[in-house]
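K.L.:
Here you go, one structure.
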């Protein structure tokens, strides 16, 4: 409830039409969010231009990340362990666990080959190996692969995926945020100039209201495909036989109007870019953070981190919490949703979209600055009595609700306050390992990163007392067995003496027997 109050106080009530950023896709290629992933977006650039006047400028850029992706495989490795705890004071106790293990390139290539040949096989947990008075581990090194496609940066040819360290990778083998997982592909990428270029509506901001001020301090530019960015330090750079400009954040665009382009190109303060310059696509953090108010930035970050903290600690989250994770500016970024109690994502390009209100009867919106009305989304998942889509958007009987934008309008209802517990993606072998456990009433637990049995001598004694019932029964069994054994030995001795023939005493007068003495 505190997060609702903070956000309501921080923003002005939104009445009527609203402008948001929304994924360009209408459905997602969903994947589970990795455990170490912790993305928080930059604050919205809505007021970054302050009182500057906007001048419409038609731009062109390489086509967005709508179709460009490359196929590959995630290679997962784990140590599957069966632990036998057969201490002298207790009964035999068996546990199963899996542990992170970094795969080798050779292991992964062999696993990928087996997968393609249709002969991949998971043997499961190794058989137990028990020795009296010991704790023994039986180990199996298991490597599996799963198909996993990633997006492609049209400018650099780099692979883009939240699993990669830093979100990007170049090459046929990529490290991931999981130390037990690598990504493999046989693709060399595509030629960056094979992309189609698309027109985008842009606005140049300046106090002087003149295009000739481009490149000077206190000027900036934004479009439906990227957030407000300062034009100070802009330089001229050709790309794929097209004359264009590179901003200081390495974003490239071309001005379509020949007269405007010539005016800007002839400005003396706009120089040619260095020959070694590189360019990138609008990324997840493209906003110039120095232009965003500290209060808004800190508040957005705190609300986002609060959501990740809830997920990490297993606390329930609401659609409003989930909406804090979504990007606030146009460009490439992750889309989040909840599927079967797990947090999922996919990567899309965000566009500026205008909505009639935070609750709409049809899932449609108008691309900002145009007359184009488009279907926004068409994939929903169960969430209590309603359905949930991207970044907390809800499909209800009353219409489609955008929780983040309902806050502060007086329309807050029970739908956007529904809570559900969601989980990270811990290790891909966990789900498979569950199928190898017993399905009886023993309630066997699968341990991750720990065998569930301590080998520390002090903790062994503590374990004796923590499991005192089973340990006591084991000790009593040993004592009773020892007593029974002693009784049997004594009984055998008694019976032996009873059935042994008695020796007749020999007297000296017995001449015949005395002869043998």
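Every residue number used here counts from 1 along the chain in the order it is shown.
Note: Cβ is positioned from N, Cα and C throughout, glycine not excepted.
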K.L.:
Between 204-258, 259-313, I'd like to know which one Swiss-Prot lists as region 'Trimerization'.
P.N.:
259-313
K.L.:
Looking at the candidate ranges 387-409, 410-432, 433-455, 456-478, report the one that Swiss-Prot labels region 'Trimerization'.
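P.N.:
Checked against Swiss-Prot: region 'Trimerization' maps to 387-409.
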K.L.:
Can you figure out which of 84, 108, 174, 240, 273 (the disulfide-bonded residues) comes closest in space to residue 374 (site 'Involved in the interaction with host LDL receptor'), comparing Cα atoms?
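P.N.:
Going through 84, 108, 174, 240, 273 one by one, the closest to residue 374 (site 'Involved in the interaction with host LDL receptor') is 240.
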K.L.:
Using CB atoms and a 10 A radius, I'd like the single residue among the disulfide-bonded residues 169, 240 with the highest neighbour count.
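P.N.:
Highest number of other Cβ atoms within 10 Å: 169.
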K.L.:
Restricting the comparison to the disulfide-bonded residues 108, 174, 273, 304, which residue's C-alpha is spatially nearest the C-alpha of residue 130 (disulfide bond)?
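P.N.:
With Cα distances computed to residue 130 (disulfide bond), the winner among 108, 174, 273, 304 is 108.
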K.L.:
Going by DSSP, is residue 304 (disulfide bond) part of a helix, a strand, or coil?
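P.N.:
SS state of residue 304 (disulfide bond) = helix.
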K.L.:
So what's the mean pLDDT when you look at the topological domain 'Virion surface' (17-474)?
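P.N.:
Mean pLDDT, the topological domain 'Virion surface' (17-474): 80.
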K.L.:
From the disulfide-bonded residues 84, 169, 174, 235, pick the residue whose C-alpha lies nearest to the C-alpha of residue 304 (disulfide bond).
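P.N.:
Nearest by Cα distance to residue 304 (disulfide bond): 169.
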